[in-house]
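Colleague: Okay, these came from TrEMBL:
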- 30-51: transmembrane segment (TRANSMEM)
- 89-278: domain 'ABC transmembrane type-1' (DOMAIN)
- 93-116: transmembrane segment (TRANSMEM)
- 128-147: transmembrane segment (TRANSMEM)
- 153-171: transmembrane segment (TRANSMEM)
- 206-232: transmembrane segment (TRANSMEM)
- 252-274: transmembrane segment (TRANSMEM)
Amino acid sequence: MSTTPNPSGSALVSRRRLASLRRFARSRSAVVGATGMLLLVVVAMAAPLIAPFDPAAQDGESLLGPSGAHLLGTDQLGRDILSRLIYGARASLIAAAGAAAVGAGIGVPLGLLAGYLGRWVDAVAMRLVDLLLAVPGILLALVMIVVLGPGRFNLILAIGIGAVPEFARLTRVATLGIRDRDFVLAARGMGASTPDTMLRTVLPNVLGPIVIQLVVTASMAVVVEAGLAFLGLGTPPPAPSWGGMLQEARSYLYQSPSYGLFPGLCLVATVFCLDRIGRGLQLAVSGASPYSAVRITTGGAV
């Protein structure tokens, strides 16, 4: 039998997405957040071109305040703070994107299977989720990094695993809400296989909450990465990271107050932009999806 997807269902999804984009574009705070994040991504990607110094290069003068030679001053080793901030943006963005990808890559299929297949698959999947939820995300990340050792990949994996339960629960709830809808039943009646129905009919209709959770997880990952770096478990030195800079600056608060100020401001600005994007997406999706009541949460990682 034919496995052609339901055209009316596809058209409905397309109209919802277009309406959501329009609502997002009308939100000034969301546009400001998106613009800020786009600027940060450009700065991080163009770091070798725009950073005034090598982030590891040491000057003879340490703990200098802002000056013409060093716009934001230097750290305790004479390294340019502005250059380290620019390169440090890479650590935060990689952690955010990587953790969100790991969380969604494991949690979404798990929730999709649990919600669509139900029965023992649902029971087993939710027990796994409950097991992960029993351990606070930050504690899970600490244990994983201690066991696996420090490193960027291990850091991303640790934060991402902590985000799996929220993606799984969110996807399961959304899938349960539509698995018996007419367009899903029509796809089954047209001979679509179970994987085909889940991927081509169910998943596109539950993407809204998942995208919002991606942004929320990215925001959480920025904070957790900075916290772990502050504890000495983040991006290994000498690679710069904002959390690592804060950890180094705490011993020099009186000699150079601005040293810790700038990485802190970068963290606040990044989380603020991601929060604005997340809220804008939530408002946009709520008017175009029947799953606006699905709760978006940061889970136990914070």
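Using the three backbone atoms N, Cα and C, a Cβ is placed for every residue, glycine included.
Describe the structural surroundings of these features, if you would.
Modeller: Remote same-chain partners of the transmembrane segment (128-147), defined as residues 6 or more beyond its termini with a Cβ less than 8 Å from a stretch Cβ, comprise 110, 154-155, 157-159, 161-165, 168-169, 224, 227-228, 231, 233, 299-302.
Sequence-distant contacts of the transmembrane segment (153-171) (same chain, six or more residues past either end, CB-CB distance under 8 Å): 94-95, 98-108, 110-112, 114-115, 125, 129, 132-133, 137-138, 140-142, 144-145, 206, 209-210, 213, 217, 220-221, 224-225, 228, 233-235, 294-301.
Residues 16, 20, 91-92, 95-100, 103-104, 108, 112, 137-138, 141-142, 145, 155, 159-160, 162-163, 166-167, 170-171, 174-175, 178, 241-244, 246-247, 267, 270-271, 274-275, 277-278, 281-282, 285, 288-289, 291, 294, 296-299, 301-302 of the same chain lie 6 or more positions beyond the ends of the transmembrane segment (206-232) yet place their CB under 8 Å from a CB of it.
If you look at the transmembrane segment (252-274), the same-chain residues 6 or more away from its ends with a CB under 8 A from one of its CBs are 32-34, 36-37, 40, 63-66, 72-73, 75-76, 81-82, 85, 88-89, 92, 96, 215-216, 218-219, 222-223, 226, 242-243, 245-246.
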